[in-house]
Structures are given as C-alpha cells and as structure tokens.
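Annotated in TrEMBL:
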type	residues	note
TRANSMEM	7-26	transmembrane segment
TRANSMEM	81-100	transmembrane segment
TRANSMEM	112-134	transmembrane segment
TRANSMEM	146-164	transmembrane segment
TRANSMEM	171-189	transmembrane segment
TRANSMEM	201-222	transmembrane segment
Amino acid sequence: MRKRTVFAWGVAIVCFVVLMIVTPAIPQSQAYHDFADKREFFGKIPLSYRVSDSPYVSVFFCCDKRLVEKFSTGIPNTLNVVSNFPFFVIGVIGLVLCYRGNYFRLSLQGELWGWTFFYIGVAAVAFGSSYYHLKPNDARLVWDRLPMTVAFTSIIAIFIIERIDEKKGTISIIPLLMAGIISILYWRQGRYLFLWFFDDLRPYAVVQFVPCIAIPVMAILLPPMYTHSTYWLWAAGFYLLAKVEEAADKVIYRWTYHIVSGHTLKHLCAAMVPVFLILMLAKRNVETERQSLLQTWRVSWTKVKENGTSVETYNCSYSTVPVVEQPVEQLEQEKERETSSFTQT
C-alpha cells in the first residue's frame, strides 16, 4: 500500500512537471476585470437626479461639484458585490453545524478538519470576492481566489478520507492547502521577482479544474463511506453551470435586457454548491454495503430492463355446462298448445 501511494504521488508530480514544460505560460488577462454590469446602487443622490430641479442643490452643485459627485455614487459594481453575501451565510451555517452537537455526525477527526477548512473558505469568499469587485484589479484578485483555493483543496482531502484512506486523507489536508496557496503566490507575487518566469496561471488552473474533474469521477467510481452520494453530482453540476455563466457574462447581461449579468448569476449558482453539501451531510448515514454509484446504476438499469421484458401470463380454465335435451313428442305438444291459444284469441 505504501509503495502504491509513493507511486501515485510520483506519477502526479511527473505529470505536473511535464505539463509545465510542454504548455506555454498563461498570464492574467486584464480583460478579465472588465465585467458587464458596472452599475452602482444605494447612493445618497441617484446619478439620474436632475440638479436643476432644486434651487438649493443647484447652488450647492455650482459651489462644489466634486462633493456632489462623491455623494451621488453608490456601491461600485453593486450586484457583483452583494451577490457574494450568500457565501458568508452558508459558510457560517456549515461551521456551526460542524461543531454544534456534532449535527453532521462526523466520526473521523480528519473529516472534521476538512469540512472546517472548507466552510471557512466558503465564508471567506464573501469578503475576498466583495473586496475584489469593489475595484477589480490583479492585486485584489488574489484575495478573491485565495479562499476559493482553500475550499477546493479541502474537498479533495475530504474525498481521499472518505473514498480511499482515512489516514492518507488526513495527512494530505495541510499539503493540499499549501499547494493551493503556492499556486496563488506563483501567479501574483512572482510578477515582481522574475517577470520572465512568473505571472503564470497554470498551477492555479490545475488546483481549480482538477477537483472539477476528479470529484465527479471519484463520486461515480469509488465506493462511498456514506449514503446520499448523488449530492456530490448536484454540487458539481451547479459549479459547472456557474463557470458557464461566468464565461457568458456579457451575453447573459444582454439577453436579460441589462437586468442581471452572468457573473452575478455565477455567484448565486456557486453558492448552491455548499448548500447541497450541507444537505448531504445532514441526511447521510454510514453505508453498510459500500457500493459505487456506477454499480448502483448498473443494478437499477438491470432491474428496469428485466421489468420491461417480463410478460405477465394468466391461466384460464373453462368448465362445461351440461345441456338437457327435451324429447320430440314434448316439443310437438307445446307447439299445439301455442297454436290453439292463438286461434282462441
């Protein structure tokens, strides 16, 4: 088992090194900060306010135009900022339920640590992402991506604990968290050290997108420790939907007639991921017969096919009813009686 673990880590490291050698560097595009919805709400004086309608404000405007402009602005990129609030609520709820009376029934210490880091990361996304969207730039983007990286790496450690080995998963929590943090530093801080070598998003892309592929695959192929594993697939589906909405930010903003942008919807869909995981933790029990989702689907499909091809048979029995025949003379007498009664009438 130890040799297999060393071999697996060796293969992963070699693949990463080959990826870094073969693929070109991916710098951070400045167009990433150009979001569709730049509206500002909750200002003291709306931007559409007609100053000339009020003599007092008109005089005030003439005296100090900059002061009026200061009070007229609201929260920059308002919807992209406030749509991060669900992350804080859901993260706090997850943390409380982890420790309040062991509501989630976490029996392993590694599980408790993993889910703690995950919900801390989710709650921190609300602050980091809001801080970034107030004034989008590379320096603030670090604080947007850092909490998400903590959440991604924690989920991978939790999967290792539940699906592969408890001890290995617990030991991997800190190394995975450090790998995520280093991927952020490699991209951002390296810009000031070696411009020709750093400013590279490839390590961060690995940290972000490998869990998106690995988690659904592991959820389907590896036998779970607990029930309700399908919630993992729901969470992965909503995260995939969030990435699609992020890519179609301006398209969705145009389709909705400038009501809501794709990036705002991305925040709301991504916030559904920890919601599904909270529901899973609340409902699940220890799986007595560890069977992967793929095996479960195969058994269900076999039953459906058997039910579809089976034909119900019915056994019918027939009984004979005896017929009593009357003599010919008796029939003639009855005919004569009928004709006599007819002539009398």
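Cβ atoms here come from the backbone N, Cα and C positions, even for glycine.
Please treat TrEMBL annotations as automatic predictions, because they have not gone through curation.
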Exercise. With pairs closer than 6 in sequence left out, are the transmembrane segment (7-26) and the transmembrane segment (201-222) joined by 3 or more CB pairs under 8 Å?
Worked result: yes
Seminar exercise, completed: Beyond a gap of at least 6 residues from its ends, the CB atoms lying under 8 Å from the transmembrane segment (112-134) belong to 35, 75-77, 80-82, 84-88, 90-92, 94-95, 98, 104, 106, 140-141, 143-151, 153-155, 157-158, 161, 169-170, 173, 177, 267, 274, 277, 281
Exercise. Which residues, given as numbers and ranges, are at least 6 beyond the ends of the transmembrane segment (171-189) yet have a Cβ under 8 Å from it?
Worked result: 28, 110, 113-114, 117, 138-139, 141-142, 145-146, 149-150, 152-154, 156-157, 160, 198-201, 203-204, 206-207
Exercise. Cβ under 8 Å to the transmembrane segment (81-100), counting only same-chain residues 6 or more beyond its ends: which ones?
Worked result: 75, 106, 112, 115-116, 118-127, 129-130, 133-134, 264, 267-268, 270-271, 274-275, 277-278, 281-282
